[in-house]
Amino acid sequence: MLSKDMQNVLDEMRIYLMSSGKSDKEIEGIMNELTVHAWEGEKDGKTVRQIFGDSPKSYVQALSKELSSRPGEIAKLFFAILIGAISYFIFSDAVNDSLDYSVYTLAGYPLYILLAAAMLPLLGRITAFKGKNTAFMYTMVYAALTFFPILAIIFIDRQFGTPVFSFDGGSRWLIMALSFLVIVCLSFRLKAGALSILPLLLAGTHFLFQYMNWDSAGAMMAETYIPYIGLLLVMFIETKRARNTAQYE
């Protein structure tokens, strides 16, 4: 069983390597070696500094240079994220019965998703081996940078947009079902199964509030945030479970 500090360092190393675009297979191999190395070191009474030096980040940066990049895998990952995010936007619109799309939304949403996805690896490298407060600050900056563009798209669409595609009636339910299947399949394909629960939380919250006739401003705000809070809770529990499992392996 690894100490909490050692497990945290190994987790940060994994995040750094993944955000650096290295091969999944090579990352898994090197992380297995590092875990064994750390376990044997702690067994002999060594500390994190004695095992990985004064700077674990410099240690993993040196290792990173020896691993091959994965341009093909990265391209597939970006494509999967793009399709998954678009499917989520469509699912959300279908739940709210607002499947009307202008040129601004058809062009703006994909560009927004690509921008957010491109910035995510940078966030991973910047926040790796930082303190919790610093990492939280960078994450909030990322959230702001990805939040304001979506507000701009919505504002421009409402002010100047004219629908070029509209769906209603039976097509709404078909689109909702198809987008849900895409989200679930991609979530498990990307080994992020917890994300598949988000559309269920979104739809469940919406229909519950609709059934209860909760339509005040406060209720609408709560309906917006409850699914994401639920997802964060599920991901927190899953992450904690995975860390506990890793510590006992």
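Just so you know, glycine gets a Cβ as well, placed from its N, Cα and C.
Quick look at what TrEMBL lists:
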- 88-199: domain 'HAAS transmembrane region' (DOMAIN)
- 74-91: transmembrane segment (TRANSMEM)
- 103-123: transmembrane segment (TRANSMEM)
- 135-156: transmembrane segment (TRANSMEM)
- 171-188: transmembrane segment (TRANSMEM)
- 195-212: transmembrane segment (TRANSMEM)
- 218-237: transmembrane segment (TRANSMEM)
DSSP residue counts for the domain 'HAAS transmembrane region' (88-199), split into helix, strand and coil: 89 helix, 4 strand, 19 coil
Same-chain residues at least 6 beyond the ends of the transmembrane segment (218-237) whose Cβ lies under 8 Å from its Cβ atoms: 194-195, 197-198, 201-202, 205-206, 209
Positions whose Cβ lies under 8 angstroms from the transmembrane segment (195-212), at least six residues beyond its ends: 84, 88, 91-92, 95-96, 176, 179-180, 183-184, 187-188, 219, 222-223, 226-228, 230-231, 234
